[in-house]
Structure formats: structure tokens, C-alpha cells
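Taken straight from TrEMBL:
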TRANSMEM  51-78  transmembrane segment
TRANSMEM  85-104  transmembrane segment
TRANSMEM  135-160  transmembrane segment
TRANSMEM  167-188  transmembrane segment
TRANSMEM  244-265  transmembrane segment
TRANSMEM  293-312  transmembrane segment
TRANSMEM  333-356  transmembrane segment
TRANSMEM  368-386  transmembrane segment
TRANSMEM  427-455  transmembrane segment
DOMAIN    483-677  domain 'STAS'
REGION    702-728  region 'Disordered'
COMPBIAS  702-713  compositional bias 'Basic and acidic residues'
Amino acid sequence: FGSCSRKKAFQITKSFIPILEWLPNYRVKEWLISDIISGISTGLVATLQGLAYALLVAVPVGYGLYSAFFPILTYFFLGTSRHISVGPFPVVSLMVGSVVLSMAPDENFLLVSSNTTGLNKTLIDTESRDAQRVLIASTVTFLVGIMQLVLGALQIGFIVRYLADPLVGGFTTAAAFQVFVSQLKIVLNVSTKNYNGILSIIYTLIEIFERIGTTNIADLVAGLLTIVVCMAVKEINDRFKHKIPIPIPIEVIVTIVATGISYGADLEKKYNAGIVKNIPRGFLPPVPPVVSMFSQMAAAAFSIAVVAYAIAVSVGKVYATKYDYAIDGNQEFIAFGISNVFSGAFSCFVATTALSRTAVQESTGGKTQVAGLISAGIVMIAIVALGKLLEPLQKSVLAAVVIANLKGMFMQVCDVPRLWRQNKVDAMIWVFTCVASIILGLDLGLLAGLVFGLLTVVVRVQFPSWGGLGNVPGTDLYKNVKEYKNVVEPQGVKILQFSSPIFYANIDGLKSSLKSTVGFDAVRVYNKRLKALRKIQKLIKKGKLKATKNGIISDSGVANEAFEPDEDPEESEDLEIPTREIEIQVDWNSELPVKVNVPKVPIHSLIFDFGAVSFLDVVAVRSIRTIVKEFERIDVRVYFASHQDSIITKLEQCAFFDDNIRKDIFFLTVHDAVLHIKSQIMYKDIQDPIFEKISLMQESKEPIEFTETSRPEDELDVQEEAMRRLAS
């Protein structure tokens, strides 16, 4: 244990409170002016986006201002990114909104009022409904904060790695579509039911089109104008960003103009336009979360916690890379966790970062989170003083601001053709996540996308690439026979390269690729040989065949009845006879005197190239052991090459080695194994110069007895024995 020194204590404190790291090094002269300009621009955009994104959460617009203010205060002290602008984000706001709408639908707040004509008219008690929705939104935020804190404390920052770029792309595009539909009804000012859950987006669209006749023209015109103007000016900002010192804060200008027009023309009274109506002035006292609701919203809160974190970190990383500093994933979890717990107490909804706002903060010269703090100050002014001035603003203008900000997210669709060219699986993950998130809703869609992404990994591992290798002449290199023209396979040797960990899911893949490479099935060859031996044995007994030193010939002058048809499947009495081998040596590649179709075995050695195998499991070890035994029985030696050290350790742990399978079949490279095999064959040739076609161990003419081959019980497991019987 290291000693506890002041320096060490300060290091640990700095890692938990990053402001201690960067604030002392703050360059006031260089950075302060930029941060102030950036803070003011960002604050104006944040005020508007706060109001607009509150529509997504289905809470009164004013609460969006709190959500654009409180989270920044804590993030300023605890966050590690200098550039992100903390606050509401459309995707996350929509996810919170779906929880709010499912737990507090309009149906729960109906009032029946009888009017003078005696007809009953149902009204909605909006006041109590809104109060309940705010409570639910802030409780979700509190729970999300707790979850993020726990994940940060457990150092689970890596969880975001499972949200691959294609997955996040598909998910955010689907979310943009969901956001668009939810804002469309506000732009048209068409009242629809608040659908939730699976296919909700489709139902909402259907109902919008059914009721499109009730569209409020004043709202529609204002909304469309806002969208067109915002998108056009954003395009100008993008095109001429080098020439314009500060991007034109078009949302702010449009809002001010729209508010003025709405107030001057009294659109609400004359045209029944939907306006913001009331924005609470000043701050509300903190409210404790309703713990009893936690169980109902836990699953949704977890997905919100992960998505909010993933968006913030991925945006943060882009700017960290651009400006050459690092952000700490686990600390970000803690920073957002504390921010959400804190802001949850003040009736806010979940905070992450908004891409468009962060872009404003960075492009207007923001250097540190001081800009974030100043933007919070601007939002505070809006809450305390300017709130009242925005009350005549049409909601359709806010909705249009949201829609205009979705352009970047919709443009991600253009990534799909590029992804398809680069990697079809990634493109499939993108499309699947997008479709699933549109159909199932965002939380289930994200889960479905995650599962699909992990399944593609499993499938890729289950069907890995494999191939036979050949030698590049004059070198010790071995390359895939199918991909390289001039490679030569060593005579009598097959080399199989298998590029994947070997485990229970892909062991069948290994077996089938082995059969394809060597061109025969070892078990079937063995069974056929046994059958041929039995027939030779019978014919010798009957005197139809004679055994000579040079092989077996038929009696002279007698038709050789050995050539009887090969009855397949095997005769029933053959199956009953226990497997016995005859002590006859047969050259199985020569013409046999019996009509049994024994597959030729053109090889004497098999090499497994395990260079790309990173681990084996118990099933794999057992299967490889069986493969070795099966090939040894038909006189093919098996070798292993290019393996990692951990593989040998694993094989030892799983009792792979015994008297027959020793470590001398393992080689550092494929070439070493090939050289070893060649030297063995030369040695054998010197030892045994005469190749007899069929020699007999006994020269007597008496029938040769079957002798049981001694074989340990465990050698071929039950399943393999059954396969041997079935194989014919």
C-alpha cells in the first residue's frame, strides 16, 4: 500500500473534482472574453431549446428552463469535458416523455362539467395533470441520476462500448423521426391521443392525418416559416463559418420576432393559436422524488441513463480529440449522476448534452466550462425576468425550432450506403436498430438493437473464416490456397487455418471445415475399412482368397468371388459384431479384392494452424482430442502449429495430453511442422524400403483371428460411438 501523502490526497481529490485541475490553469486574458461571448450565445440557444424540449417531455414549457439551468451548475465542478453544453437533448427528452405519458395519460384527469344546455362535456384537469407529469419527470431524472452514480462508482464506463457507432446512428435517426412526429402535431396544432409503447408513432401519424382538417392555419404558417428560415440560416452559418465570427443565433431572432408578431396581432384570440401561456417566474423550492414510482420506471430509467451518458461521452470525445485533452468515462458517469440527482430535486428532466448547442458553444469560441456557467446565467435571467415576455410565443414556433435542429440527425441516413459498402453487418445493425426503435419505441428499440448487435458478433464467431494453406515456393510462408495462385500444398499434408476462438458454438464449424479441407470423413473411412477387413476375413476363411507374402490373390482358375456388391447400409449381423480389427496390413489406396467402397485417404499428416485461435473451452478441447484420435486410427498424424502459450495451458488443464497425445505434436510455426513431417517420411523410407501391397503378419493359411484392439474407454465418447455406428 502506498503511503498517504498530501500530494496523493490532492491527486485523488482532483480526479473526483476536475475543476481543481483546470481552473487554476485558466488563462484569463486569452480565454475569458471568448468564454463570455460563447456563454451568451449558448445561453440564448439553451433558453429556447429548454422551452422547446419541454414539449417533448409533455410538461409545461417553463420547466424546460430549469432543465437548461440546474445541471450546468454541478457539471461545472465535476465534469471532465471542457466543451459540451449540458442540458436537455431531444432523444433523451422524448424517452422521459414516453415514461411521463404512460404513467400520467390524459384519461386519468378527466372532469365532467355539465353546462346550461344539459349536455355533459368532458374536460381535462390540466393543472393536476401537469403537476403530476412534472413530478414523474423529476422522479425519473432522480432515478437516472442514482443509476448513473452507481455505474460510475462501479467503474462501468466501458458499458458505452457496447453502443457501437452504427447502433447509435440508427437509434438517434429513429429518435429524430419520433421527435419529428411528436412535434408535427404541435406545428399543426392538432390534438391527438398520447399513444405510447409499440407502434405508437404509427398510431399518432394516422390520427394526425385523420384530423388534419382541424389544423390551425396561423400555427402552421408560423411553424413552416420558422423551419424554413432556421434551416436556411443554419446552412449559411455552415457554409460561411470561416467568414462569420459568430454563428447567427437564428433561433433567438426568430423567437423574438414570432413573440412580437403573436403579441401584436393577438393571434391567440383572433386565430385561436396555441401559445405558451404561462411561464412560472422565479425558482420553485426543491421537491423530493416519489420513491414508490421507482419500480414502475426502473427499466426505462436504466436505458435513459445509458443513452444520456453515451450521447454526452461520444460528443465530449469528439471535442476532446479536437483540442487534445482526455475525458474520463467513469468521472462523466459520476458528474451526470450528481447533476441529475441535483436537478431532479428542482423539477427538471434528464440532462445530457445537445449536439447543436455544443456546436454553438465551441464555434463561438468557448474554451472551458466557464462558458457553460455563463450560459446558465443567461438562462437564469430568462427564468427570473424574461419568462413573462415569452408567454405570447406560439408553441408551433418552438416545435419548429426542434424540427429544424433535427437535420443533422436525419442526415445520418446518408451513412447507410457507405456503411453497406464498408461492412454489411454494421449497415444491418444500423437499419435494424432504426426500424426497431421506430416500431417498438426508443427504450425497447435500443435493447433490440443491442441484442441484435451482440448476436451479429456471435454469428461472426460461429461462422469464422477458415481455409487450407499452401506454401509460397522458396519461403517459409503459408497462404490460403483459394486466395493465392502460386502456393503449393506439401505432398500428403493438409494444413487447416481456423480464424476464431474455438468454443461450443462453433465446434461443428471446425469439424465441417476440416472435412472440406481434407476431403473425407475420418469416421466413415474407419468404418468402411473395418467392413472391408471383415469381408476379406470371411473370404480367407472360405478359401476364396489366399494370403501370400505379397498380398492376397484368388485361387487360380476360380472366379474371384470377392468382388461382391457393396451392400450399403451394412448387413445387420455386421452391426452386432463388436468392432474388432484384423491383424492384416492393407495398403488402402491400392485396388482391393473386395467390392467395398473404401474412401481414399490421400494424406498422411494434418496440421492445424492455430495462430488466430485466442481461446478454447472444455467442449473444444474434448472435440479436438476426439479428432486427433479419429485421424490416428486411419494412420493420419495430426500436428498443431503457431498456437499461443495460453492454449497449451488450457489443454493441460482439460487433460488433453496422455501417452498417445504428447506435446511433441506442437510446433512454433507451420513451416517447422512441415519440415518435421518431411524428415519423418525420409527416415521411414530408409527404414522400410519395400512397400508391400498387402502383407500378412502371419503367413499360415489358417484363418486369422479377430483380435480386440485395446482402447481406453474414455477415448471416443458415447456420441462419437453412436456416430460411428450410423456412419456407413
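Just so it is clear, glycine is given a Cβ too, placed from its N, Cα and C backbone atoms.
In this chain, the transmembrane segment (85-104) lies in contact with the transmembrane segment (427-455); the count of Cβ pairs under 8 Å, excluding pairs fewer than 6 apart in sequence, is at least 3. Taking residue pairs at least 6 apart in sequence, the transmembrane segment (167-188) and the transmembrane segment (368-386) share fewer than three C-beta contacts under 8 angstroms. If you count C-beta pairs under 8 angstroms between the transmembrane segment (333-356) and each of 51-78, 135-160, 293-312, the highest count goes to 135-160.
Here the transmembrane segment (167-188) has Cβ contacts under 8 Å with residues 55-56, 90-91, 94, 97, 201, 204-205, 208, 212, 215-216, 219-220, 223-224, 227, 274, 307, 310-311, 314, 395-396, 398-400, 402-403, 406, 409-410, 412-413, 415, 429-438, 442, 445-446, 449-450, 453 of the same chain, all six or more residues outside its ends. Contact between the transmembrane segment (85-104) and the transmembrane segment (293-312) is supported: at least 3 Cβ pairs lie under 8 Å, counting only residues 6 or more apart in sequence.
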